[in-house]
């Protein structure tokens with residue numbers, strides 16, 4: 001990029017604003033060296049870096065860079081054996097502390113949120129020197145004074161100094177309080193000259209106290225004398241202070257040596273802090289401008305949505321949508337020379353430079369910037385009515401230089417192209433220059449007030465007309481860019497508003513050709529149509545935003561309902577779990593009671609006792625209503641004796657024996673026979689062709705309960721259901737030991753069985769079978 005172009009488009013002023021957000025001289029140094037890049041990957045990386053810094057500001061709200069100083073000169077001097085001053089040591093410690101805090105901040109956000117790869121790489125190179133920080137802070141206060149705590153010797157020397165000073169003051173106080181002092185002394189004070197304590201003595205009494213004269217007043221009437229009584233003490237004080245100075249020098253040398261040990265990692269830290277300060281300055285500047293990260297491309301396409309000039313008041317700047325490099329590669333902004341066109345031209349150029357420098361642009365999200373190899377601009381700052389030949393020549397020199405270098409990777413900006421010479425010749429030159437630049441494939445934006453160029457946008461493919469809207473009421477440009485509509489002269493309207501006689505205006509209109517008059521009317525009609533279309537679009541956008549707002553509101557309400565549903569479901573689950581635990585306790589109690597009856601009575605347990613116990617167990621189980629759909633499905637089936645059914649309240653399968661009433665069936669559930677209401681039955685299938693014989697009694701070890709359960713080939717869930725039922729039956733049958741055959745296979749079923757046995761209350765212990773019992777394919781269970 002040519003420095004002249006950067007100055008013309010005021011990129012240097014953007015850098016001045018950016019510099020206001022740097023926290024250290026390191027960041028300012030980076031900003032001063034900032035130049036737009038023409039490398040797409042580099043630009044994308046710079047923008048990503050700014051984006052990451054903006055994310056950190058959003059998440060953390062601040063960055064600890066205030067204490068950062070350029071300590072590179074300190075590090076160099078320490079590395080060659082120099083002694084740093086207390087202030088320089090404090091700056092090293094402050095920079096190290098800022099580095100440590102910054103590293104922790106970015107590392108913490110990286111671990112928690114991710115997506116900060118570039119900043120994390122900088123943070124990873126930051127050195128931590130907590131011991132050095134501690135030593136410096138322990139030895140030097142915030143004002144750069146070496147503290148007593150820096151060393152035991154320094155503390156002792158300063159104690160001596162304070163003691164000697166106290167003795168000196170005591171002696172001098174006795175002198176100035178003596179009766180003779182009033183006439184001998186100019187003032188009853190103790191002061192210091194040449195680092196020695198003295199008193200002001202009148203000239204005529206110079207020999208009254210002996211000692212040494214160190215100074216005199218301007219008039220010579222007062223002598224500052226060190227009385228003989230304190231000469232030795234002052235000598236002792238000077239000696240102690242000399243030793244103090246030597247000790248301070250030793251402490252500073254020692255601290256400087258520690259800095260030298262850390263010089264290399266601290267130098268790398270400075271470079272990383274410079275990059276971080278620069279990145280956060282860009283992010284803060286973006287926040288100030290309410291700027292957005294643009295997408296970037298190398299195909300010469302730019303689309304700035306709601307773009308604003310960064311150097312204008314962002315609250316007052318008029319946003320514009322600008323597109324170039326898609327359907328058209330040249331924009332010709334026509335219309336009167338009112339100033340609005342130049343602002344638009346500079347906005348396009350400056351936003352392009354900002355994006356290529358890794359800065360966010362003052363535009364809306366969804367904006368896109370092209371990365372050009374070169375940006376050229378011929379923009380005159382003076383927009384006077386009369387333009388001299390020298391001005392035309394100056395512009396032509398710029399244009400000749402542009403034409404010498406322009407290519408398909410260039411953005412070219414012409415302000416008032418062809419102005420400053422004969423209008424007819426100037427318009428012809430402007431058209432020829434635009435044709436040349438357009439033919440080379442460059443992206444071009446040109447402003448002109450020549451009416452001849454209005455037709456240019458209609459006659460050339462890839463070229464579009466545009467204008468800056470002018471408010472005839474206020475006689476000012478609105479700065480609103482109208483793409484597709486050429487500018488029109490507002491001379492008659494402006495003259496009328498300013499009070500020019502209507503007769504003169506009508507005579508002037510008569511001088512204008514009918515063709516020109518028709519063109520002006522057509523342009524005015526286009527402006528009205530575009531304005532109406534924009535108003536319609538604004539209303540549609542407002543309606544869409546309202547719909548989006550309502551959708552977001554309902555989504556939030558839906559999420560709240562889902563959360564409430566989840567909470568209630570959790571409560572219900574907890575209640576169900578409590579009920580199930582109570583049911584399990586009741587089941588255990590019933591089983592224990594049955595076993596006690598069998599052992600104590602040594603008698604048959606009648607069927608009605610088992611049925612009664614099972615019904616008590618069923619009563620203890622939680623009642624869960626089934627879905628209406630399931631009820632309807634069940635009610636549609638006409639139950640028949642022998643049907644296989646599921647008792648939903650017990651979660652047990654069985655067979656229908658007979659219907660005992662209009663809505664009750666007798667159901668065979670394993671060894672039990674129960675009366676179940678029809679609504680509690682769920683049809684599974686027809687029974688196999690075999691007799692269903694009710695079991696009348698259970699005696700001791702029932703013959704219908706096998707001593708082993710074969711689960712091989714069963715699905716995992718079904719196997720555990722069968723295992724649970726089998727263990728209940730085995731307990732009721734009074735078995736002390738049973739065998740569970742699960743096979744070896746993958747071991748999943750074996751593990752599931754043994755995990756289930758660990759939690760079953762009736763299981764006393766279990767083990768794998770011996771070799772003659774089936775080995776690891778069988779689990780032997782001891783029941784309580």
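Glycine is no exception: its Cβ is also placed from the backbone N, Cα and C atoms.
Owing to the predicted nature of the structure, the values given are computational and were not obtained by experimental measurement.
Database features (Swiss-Prot):
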- 335, 336, 337, 338, 339, 340, 341, 342: ATP binding site (BINDING)
- 709-784: domain 'Smr' (DOMAIN)
Most crowded position, judged by CB atoms within 10 A, among 335, 340 as binding-site residues: 335
Secondary-structure category, per DSSP, in which residue 335 (ATP binding site) falls: coil
Other CB atoms within 10 A, centred on residue 342 (ATP binding site): 20
Number of Cβ atoms other than its own within 10 Å, given for residue 341 (ATP binding site): 28
Secondary structure of residue 340 (ATP binding site) (DSSP, helix/strand/coil): helix
